[in-house]
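Participant: Here's a structure for you.
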């Protein structure tokens with residue numbers, strides 16, 4: 001009998017395969033990083049072939065670590081870094097270009113031109129998104145316009161698009177030999193090409209980017225027993241296992257954090273931060289810089305929508321301290337170093353390396369450290385980096401409360417940065433509400449597993465999934481209201497200093 005569900009978690013810096021039991025507990029996992037390709041300032045790419053090879057390896061190694069066979073898996077889910085764009089030849093599986101990553105800003109002129117022409121409001125109304133470098137539509141257009149032969153190939157049916165969920169799914173289900181070219185509603189909602197009401201590709205939006213509809217994958221529910229097919233026996237699993245769930249990473253974390261009721265929210269701390277608030281079957285149009293997106297759709301049930309605040313640089317700011325500045329040797333050292341000081345000493349670090357995402361949407365912003373004096377040392381910079389993660393989250397929480405009218409009583413958190421206890425305490429202090437971390441911190445992979453397991457009957461319903469969630473640790477706010485207000489005022493002033501640095505044509 002198949003007693004487990006697996007999940008491919010294809011992220012920005014790594015790919016992992018995780019295996020869960022009926023109680024939602026982790027049984028085994030394996031993870032491998034892939035290269036970050038940085039050809040020039042503002043450009044971020046990944047090698048799709050390397051990602052597929054890593055996917056093969058992590059599946060095989062996780063099964064081996066768990067002493068399991070493929071037949072022990074009832075189903076597989078896929079979750080992924082959203083927006084990251086792959087265009088490949090379906091005849092042979094060869095990418096025409098590297099994957100253009102969600103952080104990449106090369107399409108800033110495309111986004112700016114759409115806004116100037118008045119088309120930004122069309123995109124907001126239909127897709128729920130502002131025209132921004134973040135989303136896939138402009139990335140596809142850039143490849144069509146700048147990579148030799150791709151436009152012609154697309155017109156002949158020899159170039160197809162997918163985010164990395166689609167790329168992994170296509171390869172797992174056969175690749176050039178009948179691979180399924182499909183995605184789910186959550187990933188499609190991040191392209192600027194899907195109408196949120198019809199849950200289908202929109203011809204007017206496609207026309208804005210001059211993208212042939214034939215390039216695009218079929219859009220399916222996030223959880224479905226048949227829509228995504230089965231793994232091919234010639235592929236890494238050597239068995240036909242149903243792929244029954246697909247979700248973008250932040251929507252998967254929302255499912256994994258069991259935020260199934262309107263008003264429930266979670267914040268994932270990874271390379272960036274992503275705060276998602278369930279708004280139920282109601283489409284809430286943001287007036288304060290947030291995104292309207294699809295949270296999930298299970299089977300034939302109506303789609304559940306969400307408001308999202310996406311922050312480009314949070315955990316990657318800690319990586320910057322490690323890799324570029326070399327003031328720490330590991331991410332964990334950021335906490336140790338930050339604890340050497342009592343506060344930030346009056347300095348603020350705004351890590352706008354890729355511009356500012358929600359709620360500002362300023363691609364012209366660039367990173368800044370302000371308030372420096374000779375007194376400051378590495379401890380203050382480490383502390384300011386952790387505070388930057390938390391202040392950016394407060395920006396989003398305030399916008400979310402204005403849009404929804406929902407006051408946050410507790411913030412559910414997950415992701416790698418939540419292992420940093422000091423950062424989570426700072427988050428509670430800056431927000432003024434408790435912060436709660438679950439026992440199973442890998443909620444992104446868990447959410448993909450839940451979607452697959454629900455579709456195949458491994459789990460009965462969301463009520464059963466709620467019983468799995470347990471709190472591991474809670475942080476209560478300790479700052480006074482005066483300190484909280486003073487700190488946030490300083491942060492807002494620092495943000496102003498980052499604007500108008502990068503010219504947008």
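Even glycines carry a Cβ here, placed using N, Cα and C.
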Participant: Can you tell which of 118, 120, 174, 416 Swiss-Prot lists as binding ATP with 12, 13, 14, 271, 315, 319?
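Facilitator: The one candidate that Swiss-Prot places in that ATP site: 416.
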Participant: Same glycerol site as 82, 83, 249, 250 according to Swiss-Prot: which of 134, 305, 348?
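Facilitator: It is 134, as the record lists it for that site.
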Participant: Pick out which of the binding-site residues 12, 271, 319 has the most other Cβ atoms within 10 Å of its own Cβ.
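Facilitator: Result for the most crowded candidate: 271.
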Participant: Compute the mean position of the Cβ atoms of 12, 13, 14, 271, 315, 319, 416, which form the recorded ATP site, and then list in sequence order the other residues of that chain whose Cβ is within 8 Å of it.
Facilitator: 11, 270, 316
Participant: Name them in sequence order: residues not among 82, 83, 134, 249, 250 whose Cβ is within 8 Å of the mean position of the Cβ atoms defining the glycerol site.
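Facilitator: Close Cβ neighbours, site residues excluded: 81, 84, 102, 190, 248, 274, 310.
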Participant: State the Cα to Cα distance, in Å, between residue 250 (glycerol binding site) and residue 13 (ATP binding site), rounded to an integer.
Facilitator: 15
Participant: Would you mind reading off the Cα separation of residue 249 (sn-glycerol 3-phosphate binding site) from residue 12 (ATP binding site), to the nearest angstrom?
Facilitator: 10
Participant: Quick one: pull the CA-CA distance for residue 12 (ATP binding site) versus residue 82 (sn-glycerol 3-phosphate binding site), whole Å only.
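Facilitator: One finds 9 Å between the Cα atoms of these residues.
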Participant: Hey, does DSSP put residue 83 (sn-glycerol 3-phosphate binding site) in a helix, a strand, or just coil?
Facilitator: coil
